[in-house]
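A.B. asks: I have a structure here, written as structure tokens, and I will follow up with some questions on it.
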Ligand SMILES: NC(=O)c1ccc[n+]([C@@H]2O[C@H](COP(=O)([O-])OP(=O)(O)OC[C@H]3O[C@@H](n4cnc5c(N)ncnc54)[C@H](OP(=O)(O)O)[C@@H]3O)[C@@H](O)[C@H]2O)c1
């Protein structure tokens with residue numbers, strides 16, 4: 001039995017706990033820490049998982065998953081430092097924070113694995129990218145991959161690529177939600193009832209995502225198949241290009257990458 005403790009059970013921490021339960025882990029194998037007792041009580045009631053102090057989490061857990069906001073990391077590291085050693089495994093889900101930060105603040109030899117997950121973890125469809133720190137062995141990486149595979153898909157990337165991953169898949173679901181929201185607005189503009197517009201767009205998003213995931217076709221091929229000569233789609237595409245949507249996405253994702261770099265530098 002591998003006991004996993006989530007330190008900071010907010011949105012992503014809760015998603016991981018829920019996903020691990022759904023993926024077949026029992027509540028006894030899971031722990032969490034939380035600052036607010038009401039939030040801890042709510043999570044225990046919802047999932048049957050025990051909320052504990054950091055000291056108890058460090059004592060009982062084989063894997064300590066840090067899921068606080070990057071700006072809240074310092075007190076967590078100060079609390080963990082006297083409690084962990086080379087036999088612990090620390091997994092960081094924090095955007096922008098390098099493994100070297102943990103390695104500097106925690107005792108020598110503590111293995112650290114950096115992960116960038118995303119929120120579709122709640123429905124078992126996360127995209128997570130893992131990178132080992134300098135003390136993490138292939139066995140540590142395999143353990144983290146196995147843990148994350150129960151809540152979605154996992155890739156391993158060199159740590160230097162983690163800021164790009166953060167911008168692409170860490171924040172990625174938000175870009176799709178934004179697009180869906182704008183497309184529902186377009187339906188309203190065209191006079192459709194909101195509920196109908198929502199259903200049309202959400203199911204189109206699910207269908208398009210499934211086609212991308214299951215047909216193995218390039219997105220260009222799939223789009224061309226819907227774009228007939230002098231048809232409706234090409235008129236829409238012309239407007240998307242005219243309004244610079246492709247360039248806006250490139251700039252947006254680059255800005256997200258820059259912010260990830262900045263978050264990491266704040267702790268140098
Ligand atoms: N949300 C995403 O889409 C996403 C995707 C990928 C990665 N991440 C990463 O996941 C991490 C968490 O993000 P989130 O969106 O889940 O944030 P969040 O909802 O604010 O969750 C963080 C939780 O940690 C708690 N916390 C803070 N300091 C603590 C401490 N010392 N001890 C115990 N609990 C503590 C917070 O409590 P308070 O309410 O008191 O602050 C909050 O409940 C971030 O580092 C983020 O970069 C998030």
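The backbone N, Cα and C atoms fix where each Cβ goes, and this holds for glycine too.
As annotated in TrEMBL:
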- 4-96: domain 'Pyrroline-5-carboxylate reductase catalytic N-terminal' (DOMAIN)
- 67, 68, 69, 70: NADP(+) binding site (BINDING)
- 159-263: domain 'Pyrroline-5-carboxylate reductase dimerisation' (DOMAIN)
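Walk me through the surroundings of each of these features.
C.D. replies: Under the three-state DSSP scheme, residue 69 (NADP(+) binding site) falls in the coil class.
Counted with DSSP, the domain 'Pyrroline-5-carboxylate reductase dimerisation' (159-263) comes out as 90 helix, 0 strand, 15 coil.
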A.B. asks: Other than 67, 68, 69, 70, which residues of the chain come within 8 Å of the NADP(+) site, judged by Cβ distance to the Cβ centroid of those residues?
C.D. replies: 8, 10, 66, 71, 72, 73, 76, 93, 94
A.B. asks: Count the residues of the domain 'Pyrroline-5-carboxylate reductase catalytic N-terminal' (4-96) that DSSP assigns to helix (H, G, I), to strand (E, B) and to coil, and report the three numbers in that order.
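C.D. replies: So the counts come to 44 helix, 18 strand, 31 coil.
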A.B. asks: Test of understanding: give the count of other CB atoms lying within 10 angstroms of the CB of residue 68 (NADP(+) binding site).
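C.D. replies: I get 23 for this one.
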A.B. asks: Give me the count of other Cβ atoms within 10 A of the Cβ belonging to residue 70 (NADP(+) binding site).
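C.D. replies: Around the Cβ of residue 70 (NADP(+) binding site), 19 other Cβ atoms lie within 10 Å.
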A.B. asks: Are there any residues in the same chain, six or more apart in sequence, whose C-beta is under 8 angstroms from the C-beta of residue 69 (NADP(+) binding site), and if so which?
C.D. replies: 8, 10, 94
A.B. asks: Within 10 angstroms of the C-beta of residue 67 (NADP(+) binding site), what count of other C-beta atoms is obtained when all protein chains are considered?
C.D. replies: 25
